[in-house]
Amino acid sequence: MDALGNAASAARGTRAMLLLAWTLLNAVSGLKAEDGGMVEELVTEKEAEESHRQDSVNLLTFISLLTLTILTIWLFKHRRVRFLHETGLAMIYGLLVGVILRYGIPATSYHNKTPPSCSLKEGPSSTLLLNVSGKFFEYTLKGEINLREIHNVEQNDMLRKVTFDPEVFFNILLPPIIFHAGYSLKKRHFFRNLGSIITYAFLGTAISCFVIGNLMYGVVKLMRAVGQLTDKFYYTDCLFFGAIISATDPVTVLAIFNELHADGDLYALLFGESVMNDAVAIVLSSSIVAYQPAGANTHMFDASAFFKSVGIFLGIFSGSFVMGAATGVVTALISCSFTKLHCFPLLETALFFLMSWSTFLLAEACGFTGVVAVLFCGITQAHYTCNNLSEESTKRTKQLFEVLHFLAENFIFSYMGLALFTFQKHIFSPIFIIGAFIAIFIGRALNIYPLSFLLNLGRRDKIRGNFQHMMMFAGLRGAMAFALAIRDTATSARQMMFTTTLLIVFFTVWVFGGGTTPMLSWLHIRVGVDPDQDLQPSGDSFQVLQGDGNQDEGQSKTKQESAWLFRLWYTFDHNYLKPILTHSGPPLTSTLPSYCGPLASCLTSPRAYENHDQLRDPDTDLIHNDADLTFTFGDTAITANGASASRADAAGGLGWSANGKRSGSTSEEALERELDSREQELLSRGTRLVFPMEDHI
């Protein structure tokens, strides 16, 4: 019995020892698992911290580029250097930084092993879920990798991270650029040439697109014949390239025009065409992408698909136009009737900014084109909402969008220079690049010269030959063409288009932009012209200029000199829309019939009655008063009430009174003060009859 008891005790002791050993093993395994989890978390945190630091370095790089560009621009302006514009300068700095990032920083690749192979029953998807030891991991598709680059997927973290998502350009950088173009539009010269601008923008862009597309299709055929092209490159791809490269952006030329005060009509034609044809180009490219013929071959011509694409073009453009204008009208109503935001300039400016920017995003969300919407939103805001803003908010909004436009534009051009070395999917094809240069020049020529000839048949003020040559020369490519090209680089055809577009932008900005000043001199285009004045005399013996001062001289002639389409719109807008949407213009009680009195009183802003006797519509020429008449002979002005004012006060300080006698003064300073005060008085009141003594060149 004792032996059995001892055996039982020994067995129990053995089991206890085994249980203790098992417990210790589980504890050790748990500690190892916890240690492994902690190590994994530490690695993840370290990678996140390193990624955050790398992102900060990337942003600091671009901010440094912009800072250096601004300082160099100041130096160029101080030295009056015009052979290189700020955008070309930003591209040069971007190129230098791109070279440093590409060749000056060692590689940090993590892909040194052969990747595991797997087979999928279906094609690659945008998102892939993997089950690894019971844990699910999500992977996103970045694109196909060539076999020669299989071990250099992440050759450098900097190169990978400085390549921005194309949506950054469309949703963040493009809206302030396009909005500023519409918000800063000079209405007088724009509407006077509205018919020509629309013709160049719509018909001209379509001509350029199809000419370039067909020529490039011939280039593609040549590349196949000589064995330089093996991948797919369809006719629709060529038309798509023609659409995106037809978007002109003569920012360099326009900046020099503005600085030299070049001819106002030429400036309006170039500026209006560039603004409108950007909108046309993006809608046209979307329509070409939407071209889907029925049947097996989806790249042959199909009439029904063609007309469907035309309908898509018209629908997208008109819908975007309506959405942009409607957003501007809503903003005008909010600032005019429903709130008193003018008492809080900060809130007023913030609301204006958010409503303007949201127009772009709203149009994109609804399937329209944000570029078109935000452009016409800017024009509507400048025409209506700007009249309701307080003086402080007016200055703030103009300065805000001007600064955003400047920074966004220079950021894009800096990124262009950077992308030439950091973008990892470039395809340089000499035949395609040379053919593209030839095609864009032919397309631009067939756009400008034939349409100018047709327009001159109906224009009173002809588009002269030197203007046509300058428009041909100023067909630069810029931010819009680059943004459209980088938006889709999935196929080899699109990658080749992107590389070629980048080189075309470089060449046109540097060569044509730098040659603008010599070209103005060679073509004998007048400079030093006040953009708010028209120095060309009319065919009459005299002109009646009504209004108060130089600003009203220009505004009073807007209606008479504008295109017929604007003249039809002007009266309706002045009498009915502006009284509803703004505080300027006559109250509706004075423009609507008497039986509409209650409705007119309800729709008219109370401030319109308060300001009716003090403010006047800046576009109106319907002014009647009993002010003085001023007769201007060359440099001498005669007033009907006997007061005199002379422009040539430096030549003796003599004027003419109404009785024809000269009057002088012994004190030159007193005479200048008198003339200044008299001039201000005359400019603030009265109607002036101007008799041109000689033709202005």
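Note: Cβ is positioned from N, Cα and C throughout, glycine not excepted.
Predicted automatically and left uncurated, TrEMBL annotations should be read as such.
What TrEMBL lists as signal peptide is 1-33.
If one looks beyond the transmembrane segment (57-76) by at least 6 residues along the same chain, the residues whose Cβ comes under 8 Å of a Cβ in the stretch are 82, 84, 86, 89-90, 93-94, 97, 158, 161-162, 407, 410-411, 414-415. Annotation source TrEMBL lists transmembrane segment at 57-76 (among others).
Sequence annotations record features per position, and here TrEMBL assigns domain 'Cation/H+ exchanger transmembrane' to 69-522.
Same-chain neighbours of the transmembrane segment (88-105): 61, 65-66, 68-69, 72-73, 76, 156, 158-159, 162, 252, 410, 413-422, 505-506, 509-510, 513-514, counting only residues six or more beyond its ends whose CB sits under 8 Å from a CB of the stretch. Feature annotation from TrEMBL assigns transmembrane segment to 88-105 (among others).
Within the same chain, residues 190, 235, 238-243, 245-247, 268-269, 272-273, 276-277, 279-281, 284, 431-432, 435-436, 438-440, 442-444, 446-448, 450-451, 454-455 sit at least 6 positions outside the transmembrane segment (197-219) and bring their C-beta atoms closer than 8 Å to a C-beta of that stretch. Among the features that TrEMBL reports, transmembrane segment is placed at 197-219 (among others).
Summarising the annotation, TrEMBL assigns transmembrane segment to 239-257 (among others).
Annotation comment: TrEMBL describes 310-334 (among others) as transmembrane segment.
Per TrEMBL, the feature transmembrane segment maps to 354-379 (among others).
According to TrEMBL, the transmembrane segment annotation covers 400-421 (among others).
Taken from TrEMBL, the feature transmembrane segment applies to 427-446 (among others).
Taken from TrEMBL, the feature transmembrane segment covers 467-486 (among others).
Under the heading transmembrane segment, TrEMBL lists 492-513 (among others).
The annotation compositional bias 'Polar residues' is assigned in TrEMBL to 538-553.
Marked as region 'Disordered' by TrEMBL: 538-557.
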Residue list, the transmembrane segment (492-513) vs rest of chain: Cβ under 8 Å, 6 or more residues beyond ends.
84-85, 87-88, 91, 231-234, 237, 240-241, 244-245, 252-253, 256, 413, 416, 419-420, 423, 425-429, 432-433, 436-437, 440, 473-478, 481-482, 485-486
Leading contact stretch, 239-257, 310-334, 354-379, 467-486 vs the transmembrane segment (400-421) - CB distance under 8 Å:
467-486
Is it the case that the transmembrane segment (427-446) and the transmembrane segment (354-379) touch, counting contact as three or more CB pairs under 8 Å in which the residues of each pair are 6 or more positions apart?
no
Contact between the transmembrane segment (354-379) and the transmembrane segment (310-334) is defined here as three or more C-beta pairs under 8 Å separated by at least 6 residues; is that satisfied?
yes
